[in-house]
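First up is the structure itself, then whatever we jot down about it.
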Amino acid sequence: MATEFTLGTAIFNSVDEALSTMFSVGLGTFADLIAPVIGAFVSLYFVFIALNWIWSGNTSDLPIGDLMKRMAYMALFTLFAFNVGYYKTAVVDPVNSIGAEIAEAFAMTGSETPQIIDQMGNQIMATTKAIWENAPDMSVTNLNIGPLFKAITTIVVVFFFGLIFMAVAFIYLMIAKIMVSLVLLLGPLFISFAFFPVTRDLFMKWAAQLLNYTLLYALFGITFTMLTNMLQKYVSGDAFSNILVGDLTMLKLVFSYLLFSGVIIAIPALSSHLTGGVGINSMGAVGPLMSKVTGGLSKLVGGAAKAAGGGGNSLSGGKNRRLG
């Protein structure tokens with residue numbers, strides 16, 4: 001029985017379990033830590049309001065309406081910031097699930113993003129195995145290395161380009177997930193900032209970051225689905241019974257990997273512009289490294305395609321069949 005690629009789901013679940021522990025234990029401790037400080041600032045805030053009311057000389061006209069409005073604001077932010085159970089139900093769980101649900105809506109199989117990555121890994125391994133099994137054997141009477149070299153070149157394109165893209169894309173995805181969790185862990189503090197007019201802008205920035213990372217996760221999932229669908233069409237058509245390994249197919253594969261690598265790198269900037277958040281543009285530092293790697297492999301594939309020129313377009317059947 002063939003071993004399935006499940007590394008993406010395994011790592012994702014491990015990180016999810018670690019973050020769940022942080023939310024279960026650390027969030028309540030953090031809320032208890034800042035509660036006395038926020039309470040002191042709220043008391044001081046009402047004292048300043050009372051002093052301002054007294055100094056203005058309006059002692060005969062009590063601002064009941066304004067006071068009730070401020071009390072309602074205080075009750076609202078207290079409900080979200082210091083009721084940890086309600087905060088997890090009303091804020092943490094929806095934010096963690098919305099991005100994944102949007103990505104699943106665009107996936108033909110309805111799979112989660114880590115499962116889409118695993119599916120891509122399984123397709124890469126299945127395609128590589130099929131190409132190698134159908135590659136011709138070398139013999140003393142048959143020294144034509146062109147078809148064999150073409151098969152090896154195709155394996156390099158399918159396998160190594162795929163692994164590089166999967167690694168970088170999965171790192172981006174996990175950074176987005178961890179970052180949104182860090183923002184959520186600081187939620188009680190920034191929700192408290194919403195009560196004070198001077199610090200309300202900090203709360204708005206915090207909310208923008210939540211929206212930013214939620215959209216980022218969704219866009220990554222949609223991108224993985226698009227690339228997986230394209231690779232399956234390029235490499236195998238509608239099924240894996242006929243593995244296409246022509247020079248044109250290899251160029252299409254290289255172009256697809258390079259194109260979607262650029263898309264992955266550009267998604268954080270797009271998400272930050274759409275939501276007004278700062279985003280994780282520092283992740284773009286991965287881009288130059290990936291560009292060097294894929295650039296070197298592109299030259300390798302180009303030279304290999306020329307050296308193996310004149311070969312056929314597909315592999316089918318058993319061993320000892322000519323590729324040309």
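The backbone N, Cα and C atoms fix where each Cβ goes, glycine too.
Listed in TrEMBL for this protein:
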{"type": "TRANSMEM", "residues": "33-55", "note": "transmembrane segment"}
{"type": "TRANSMEM", "residues": "67-87", "note": "transmembrane segment"}
{"type": "TRANSMEM", "residues": "148-173", "note": "transmembrane segment"}
{"type": "TRANSMEM", "residues": "180-198", "note": "transmembrane segment"}
{"type": "TRANSMEM", "residues": "210-231", "note": "transmembrane segment"}
{"type": "TRANSMEM", "residues": "243-267", "note": "transmembrane segment"}
{"type": "REGION", "residues": "305-324", "note": "region 'Disordered'"}
For the transmembrane segment (33-55), distant same-chain residues with Cβ under 8 A (at least six beyond the ends): 63, 70, 74, 81-82, 188-189, 192, 195-196
Positions whose Cβ lies under 8 angstroms from the transmembrane segment (67-87), at least six residues beyond its ends: 27-28, 31, 35, 38, 42, 46, 49, 187-189, 191-192, 194-195
Candidate ranges 180-198, 210-231, 243-267 - greatest C-beta contact count to the transmembrane segment (148-173) (under 8 angstroms): 243-267
Sequence-remote partners of the transmembrane segment (180-198) [C-beta within less than 8 Å, at least six residues beyond its ends]: 19, 22-23, 26-27, 30-31, 34, 38, 41-42, 45, 73-74, 77, 80-82, 84, 87, 91-92, 95-96, 99, 206, 209-210, 213-214, 217
